[in-house]
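Single-structure report; data block below.
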Amino acid sequence: MDDSKMVGGKVKKPGKRGRKPAKIDLKAKLERSRQSARECRARKKLRYQYLEELVSSKERAICALREELEMYKQWCTAMDQGKIPSEIKALLTGDEQKAPQNSSTKSSKNNNSNQS
């Protein structure tokens, strides 16, 4: 069957329904478009700032973890040579007042390895 309908002696074909859009003032339309573009650029700028801050915080965390890993490697090499680092002794005895000092650990390791 044909999809067209007979209404009041006129044939109506199915198509777009509802009101036709009124002719919008071209200047107003352009201004809305410009405003939308401004807002889009502002959102994009905020998004990039957030991502840059996130990246920099992750990079700082990575650096801190690398330093910690290096400290643990130094401790392991010292223990493999039969020496117990002072930081580990402090942790085992409960003396937390001695903070890990990488520079003093290195110098003491060099002195201990020269004595062997």
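Keep in mind that glycine also has a Cβ here, set from the backbone N, Cα and C atoms.
TrEMBL labels come from automatic prediction, so no person has curated them.
As written in TrEMBL, here are the features:
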REGION    1-24  region 'Disordered'
COMPBIAS  10-21  compositional bias 'Basic residues'
DOMAIN    26-75  domain 'BZIP'
REGION    88-116  region 'Disordered'
COMPBIAS  101-116  compositional bias 'Low complexity'
Stretch-averaged pLDDT - the domain 'BZIP' (26-75): 96
The domain 'BZIP' (26-75): DSSP-derived helix, strand, coil residue counts: 50 helix, 0 strand, 0 coil
